[in-house]
Structures are given as C-alpha cells and as structure tokens.
Amino acid sequence: MRNSFVLHLTALPHGVVNGRLHNCFCFHFQWEEVSIMDEKNVPIRTYQVCNVLEPNQNNWLRTDWIPRSGAQRVYVEVKFTLRDCNSLPGVTGTCKETFNLYYHESNEDRESYIKESSFIKVDTVAADESFTQVDVGDRIMKLNTEVRDVKVTTRKGFYLAFQDVGACIALVSVRVFYKTCPLTIRNLATFPDTVTGADTSSLVEVRGSCVNQSEEREEPKMYCGADGEWLVPIGGCLCNPGYQEKSGTCKACSVGFYKAKSSDPGCSKCPPHSHSVRDGATVCDCHSGFFRADSDPPSMACTQPPSAPQQLISVVNETSVVLEWAPPRRLGGRSDTSYNYPRPGSGSGSHLCLPCGSDVLFSPGQTGLKTTRVVVSELRAHTHYTFIVHAHNGVSQASGAGAAQSVSVTLTTNQAAPSPVSFIQATDVTRHSLSLAWQQPDRPNGVILEYEVKFYEKDQRERSYRIMRTFSRSVDVTGLNPLTVYVFHVRARTAAGYGEFSAPFEFSTNSDPFPLIGEGVNSAFLLLSISGVGILLLISAAVFIISRRRSKYSKTKQDSEEEKHLNPGVKIYVDPFTYEDPDQAIHEFAKEIDVSSIHIERVIGMGEFGEVCSGRLRVQGKREIYVAIKSLKAGYSDKQRRDFLSEASIMGQFDHPNIIRLEGVVTRCKPLMIITEYMENGSLDAFLRKHDGQFTVIQLVGMLRGIASGMKYLSDMSYVHRDLAARNILVNSNLVCKVSDFGLSRVLEDDPEAAYTTRIPIRWTAPEAIAYRKFTTASDVWSYGIVMWEVVSYGERPYWDMNNQDVIKAMEEGYRLPAPMDCPVVLHQLMLDCWERERAERPTFSQILNMLDKLIRNPGTLRRVGSEVCVSVVPQVCMPEWSMCVWLQSIGLERYRDTLAAAGYTSLDSLLALTHQIKPMHGQHIP
Ligand code: ACK
C-alpha cells in the first residue's frame, strides 16, 4: 500500500506555487505557472520553464514542507513533459533535456529561505519520451512519469526542489508517498498497518497480537518488506478451549460440542454418556450415573464403577490362602479395574473381627491388583478370616460406590508348624548346668506338644550336639563342662510338625559349685511329704470338680432354651409332608433346573434311591460349578418319588456353610434329580479311614466344630436330623464338613408300624429314641457324640463288631465308648457328656460349639491325651477303672493312679466315698 500526498499544480500568480511549490532562490524566478487542459479537457496547472536559448540556467522550484508522518523512505512521482531540444528552432548548445530533483530534511515547516547547498540531489531526471502525447492546446506533448525514492529519517519532514538547468519542461504533477504493509491477520494474529523500512532492502520485524479468544502458540511475527509486502510469517495463535477457528477468527463451539485444549484442531462432538448445554464448552458433563476420572481425557466416554467381583473362591493351605475370583460382570466401560482388600479381618470367635496384622503377606499385593488371584500368607493358624475383595476402577472414588463393588469370603485357616522361639534366657548358671527358659513362639499355630533344645560347645560348632526335649518352656541342662560357652537353639513342635530352630543363644557355665537347696533335709522324706499333700489336694479337687460337672449342662441348657424363647425371629423349618401336594413344597423350597444346564461326568456312588453322580452345572449368568447329582431310579412308586423329593424340600430351606447346599431339582423330566454342591472329599467316614492318623488334633476339632455349627443351625430351626453319622457328613477340598442326608427322618415317621429297629442306626441313636422314638435335638446330640468318636478314631466303627443288641444292652448298663487312641481327654469328656442317659443333662449344640471354640482358642487344653494303658484295656466298653484313669488324666494327676490303686481307690465311686470325709482346705490351690 502507498500513502501519498499529491501536489497538484494549480495556477497561481507567478512566483507563488500553490502554497506548496515555490519559485525559490530569489535570484532565479524563471518557473511560471501555466494552465492547460489535460487529455480529458480538464484544466490543470503546470509549472513550466523554457529558457533554452540562454546559457547558465539555474531555476529552482520547491515544495512546501512535507511532514514525514513516520515514513522513512518516500517516493516522489513526477509527471512532466519535456521538449526535445532538436524540436526547438534556433536553440544552441545551451538547451538541456533533463532536470534535477533535490530534497532537504527539516523540522521547520515554514522555512522561507533555504540555501541551494542545503539541498541534496536525489537524481537527474530525464524524459523517456521527449514529447509525451499530450494534447496541450494546439500542441501534442508527451507526458513522462518518473518515480524516485529517497530516505528521509533525520527530521520531522522535508522539502523537495526541482532544478532546471536550461530545459523546456512543464511539471504536470508531483505525488509524494510512502509505503506500508497493510493491516492483516495471519495465523490468527493481527499485524497492524506498518510503514516500510528506510532502505530498499530493509525488512521491518512486526509482532502480531492474537485475535479475540485465542492464545499464543508461538510468538507471531512477520516482516514488512520495503515494497509493502508482508514476508515470512512465523508463529501464530490458537483458538482458546471452547473456540475454533473460522475465517481468521475464533468462534465458540456450539451446544453438544466441546474443545478441551487450544491445540485441538476444532470442536468435537461430546463423547458417549456426556453432554454440553452451553456454547463454548471446554468439556462435556457426564450424564447422571456416569463419571470421569481425573486422569480421563475429555474425549473419553463417561464411565461407571465396576460391579462386584464374582465367584470368590478360597483355597486354604495351612496358614496361607489362595483367593481367586472372576472379574466383575460390569466393568463400567473401563479397562482399569483393579482389586483391593480394604479390610481383611480375623477373629477366633464367631463375632469379633479385627483388622489383619501388618505381618500378613499379600502376594502380589494388597491393593491395586490387576490379577484375579492373590496368595495371602503368614496368617494365624486355625483362625477365621474374612477377606473382602473390592473391585475398583478410575471412577469408583468419584462415584462413591462402596460395598456394591465388594465380595467377601470367610474361612478358617488350618494347622501349621509353629514360628521360631525368639528369645532364650539363662535363669540359673552353675559350673555344670544351665537352666534355660523361653517364651512360646509368637505364632504357635496350634498346641505346642514339646520343645526341642539343641546345644553344643561353641568351640565344637555343630560337629557334635545334644538334643533335649521338654514339654515346658524351660529346661535344666546338666553335665556341662565348667567355664565353657554353649550354643543353644530351641524349636517347638505341634501336631503339624517342628517349627524352625531359634537363632543361636550363647551361655557360659561358671566356676561356682552347685547351689544346694534344703541342705540337711532328708530327700526321701521330702518326696513323701510332697506326694501326701498331692494326694490330699487331688481328693479335694475331686469333690470340687465332680460336684461342678454334675450340674453343668442342666443349667446351660435352660439358658439356651430361654435364649430361643427370647428370639422369636428365628426361622423355623417347615415339614414338606404337611403339604398336600408334594410338588408344591418342592417348588416352594427348590429351584427347578433345566436339565440341559447339567453335564453329568461320572458315577460316584449309590444313594438310597439311585445313583449319585458328579458333574457340572452352568446356570445362565453364573460361573460353571461342580455338583453332585442324585437321581431317582426308574420304576419308582409315588411314595418313593415323594420321599426322594422331600430331601430337596428340606435341604432347600437351609442356608448355612456347614449344611450341604441345594442347587436345585429336575422334576420336569426323567430321571428326577436333586442337584447339590459337590464335596470333593466325599463322606467323612470313608475320608478319615483313607487318611488314618494324618490330621492334627486341631484339624479334627475343626471338622467337629463345623459339624456342630451345622447342627446348631438345624436345631435353631427346630429340625431334628435323626441320622447324624460320619457317613452323612460330606467333606470338601478345604476340609469343611457339611451335614447332609435329610431323607431318613421322614421314612421313619411315615410308617410308625415299620420295623424301625432294622432302619434305626442303633449305634448312633440315643437310648430314648431307640426305646420309644423320642427323636429330639438331644438325641441328635447323642449322635453327635458318636460322630466325635468316629472322627477322633479316624472312621472306626462305633462299638466295633458288637451286635446291635449288645450295644443297646451295654448302653443300658451305663457303659460308654472309650476314648480313641490319642484322644484329648477334654474331647472324650465331651463325648461322654453327649451320651448322658438323661437327655436334659446333655449339652446343647450351642454349648458344644462354644466348648469347641474354646478348645481351638486354647489348644493347650487338647494336649492331655489318654495314655496307651488307658485305652488298651478297653477294647469293647469303658470299665470303671478306666473312667478313674481318664478322670485322673483330665485333671493332670494320672501319675497318682498307682498310689491311689495301692491305697485301694480303683474307681471314682470309691474315691468319692473318701472325699466325703475330707473337705478342701480354704485357700489351697487345687490343680
Ligand atoms: O463317600 P462318597 O464318595 O460320598 O460316596 C457317597 C455317595 O455319593 C453316595 O451317597 C457321595 N456323595 C453324595 N453327595 C455328594 C456330594 N454332594 N458331593 C460329593 N459326593 C457326594 C458320597
């Protein structure tokens, strides 16, 4: 672009040039103003000079002061005509065909006199055409246009001057202008109208400013060239978030669209499950129920938290648990599901749940798990744990979803070897002996059966060492060399085996002589006195303990009945035989399963009504599970059908971890089937026989606890099982025992005239139930006692090969099964309690359960077992002497058995007769 001011030459009195052009240098007033007509016949003014005949012409014409207005280089366009000297008749060599253009920079706008020498020459201007074709009056003249440029940078303005040196010229117009690069927008930056530089090659660097609603990407720059053209645009701007470029401006994104970052190419449609309701959105808001994590890009669809993990399975291995689960059914549209164990807790009672200690190890970790499997180790042995697996994804926190995303499992850990003893202390040191004591290991993991002490002279290293075993947490090591350093290690053993040895502890014997206690006392006398006092204490204890035991269960039984009475919300079992239509009962309590979802694999046994098979069940939307399938063999009667299905109607009412779970029934096609959960280890009696002697006492007690818990549940529902026996307990792969077989009871009741004795499991049945069919929870308790005996004896047949009549007779005479080999005394005592003749005297299942829980919590109480002598004399039934033996064991005084026998006390009765004469002494400690 050019900014210009045109100096029109208007006709003015001689010497005055339009106020702008002046004849100057007072001594040469030769330029004259002449009006002529231009080609359009418009009158125009020209300045003419034509002194071609006279020599030494020096005629000046100058302009007014021209303000520079910021320009640095100005252009002067001169339109003129020039006469060809040859065309002028009679001219001599004085005639010229050029004129000179001058300029003079000045701050003064009204300089009246400027010296010639003050002007600087711009150029000598010659005509291209001597006679430009301009019709000037009667002459045709040629119009020349010449442009010169000049740098004007030093003053506020300048003057131009034309010097004629003897030519015949007419100045038609003089136009002065400068160039600018015009205002423009490039790359969303505005560049202002910019005056070009002073030199013809100069480039003026110009910084652009970002257009509205845009921000700088890189400093916007361009160069303004001398010819007024913009060159080399650099950098530029980007539309702000929520705006996009349109024709060089930034326009807001419309509703339903968004632009998150200025660098995004344009507005985009809102991603799924989101919306924008206003123009210029930088992000779309999620629909209700959908969320976006902080790290989610705005282009991502809004998502939801996952549903809970599915099918949590636990496999217990001693004190480790492998937990596996299936991913949640709904991942919420995300792929970042991870799993946490927010609050695993443990409790050895049934209620108290504490957070797991920090020593519990989770592999590969406890939080942020990407896998669906974790191994938890370093748990406490034989402890209930609840594991909560929590599915989590990027929006769980935002959504505030909690329990809905969790699944939990409660399990009990098994027996394990004890942890190492951590500290050994020397309590007494002599020349030849050391008395050591230590603490129980931090994690005994069961009943500590003994400690093993390994020691050797330090100098000998472990080349030769000695081992001592002890039941207590201290030992006197004798026969040592004086002033010798010994190294000791101690380890504990439970039924699960030895734990690790402790770290080495060093103690040195000293040079003192043996310390003597009771010097001068006759040691034989001392021993005798101790025995005598012991016997007295023992007898006193007998009176105390026996009298307490007599009333034990009648009191607690009453409590329990009160408890039931006070708890009217307890669900009560409904007898399916009260339904007129057996199919109505079955469909009320059992789910009909489509036979096509069952895949039978193999026959695993024969049930009362037909084969029992194992197989798989896949119910839609659930994970495939292993099941047991009982079928009703063909050719059944209506009664058989009813009896067969009654088991399912009963089982379907129960929901307890120690009761076999009914999955459903097939009644709409044949054969009829009852589908239950699959118990990998089959029935308990066969399982124990197969693994004779392989379990720890705690494991056996754990199984018994499970059965007692299931039976407590049944008794709470007022259901009487009537056929509780190890063969009717099923065992799964985690050694969880579940009560099964709910069929027999009804067969008996339906036909009171039947030969019950042939159907009643005599060896398991309480006397009152055999005698007059008084089947109650108390008779189930009797059976439970027999199950305890079966369990502890690893599946031995109760009463061995005695016939039923002899068994009934022995019971009537008060004989009871003896303790099986290695049976903890307390367990046998509990069995005997279950076999109380008076059913009111028997414990309830709730009491049995409490008792077993106590034993598990205090495994020391299970340590005392019947010795070989006691059990071996009772191959058939327990004799009175044997009871005395068991009782002495149970109070820890079996070593006095011979002393008492020698004194004539061979039975509890004879001992009781004695105790009536001896009162326990107040303040005496009864062991
Ligand atoms: O001792 P077992 O293997 O365990 O043989 C018997 C057989 O079927 C006849 O009752 C076995 N059985 C019954 N129900 C189940 C079940 N739910 N899971 C596994 N085995 C079962 C039982």
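For all residues, glycine too, the Cβ spot is worked out from N, Cα and C.
Quantities reported herein were computed from a predicted structural model and do not represent experimental measurements.
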Per TrEMBL, member of K571, K630, K639 binding ATP alongside I604, G605, M606, G607, E608, F609, G610, E611, V612: K630
Nonlocal neighbours by CB distance (under 8 Å) for E608 (ATP binding site), same chain, sequence gap 6 or more: G743
Additional residues around ATP, ordered along the sequence, whose Cβ is within 8 Å of the centroid of I604, G605, M606, G607, E608, F609, G610, E611, V612, K630: C613, S631
Contacting recorded positions, sequence order - C50, C85, C168, E608, G610 vs ligand 1, Cβ under 6 Å: none
Recorded positions listed as C50, C95, C168, I604, M606, least Cβ neighbours within 10 Å: M606
Spatial separation of C50 (disulfide bond) from C85 (disulfide bond) - C-alpha basis, Å: 10
Recorded ATP site residues I604, G605, M606, G607, E608, F609, G610, E611, V612, K630, farthest C-alpha pair in Å: 14
For C50 (disulfide bond), the one of C95, I604, G610, V612, D723 that lies nearest, given that the recorded positions are compared by Cα: C95
Residue among recorded positions C95, C168, D723 with Cα closest to the Cα of G610 (ATP binding site): D723
D723 (active site, proton acceptor) CB neighbourhood, other CB atoms within 10 A: 23
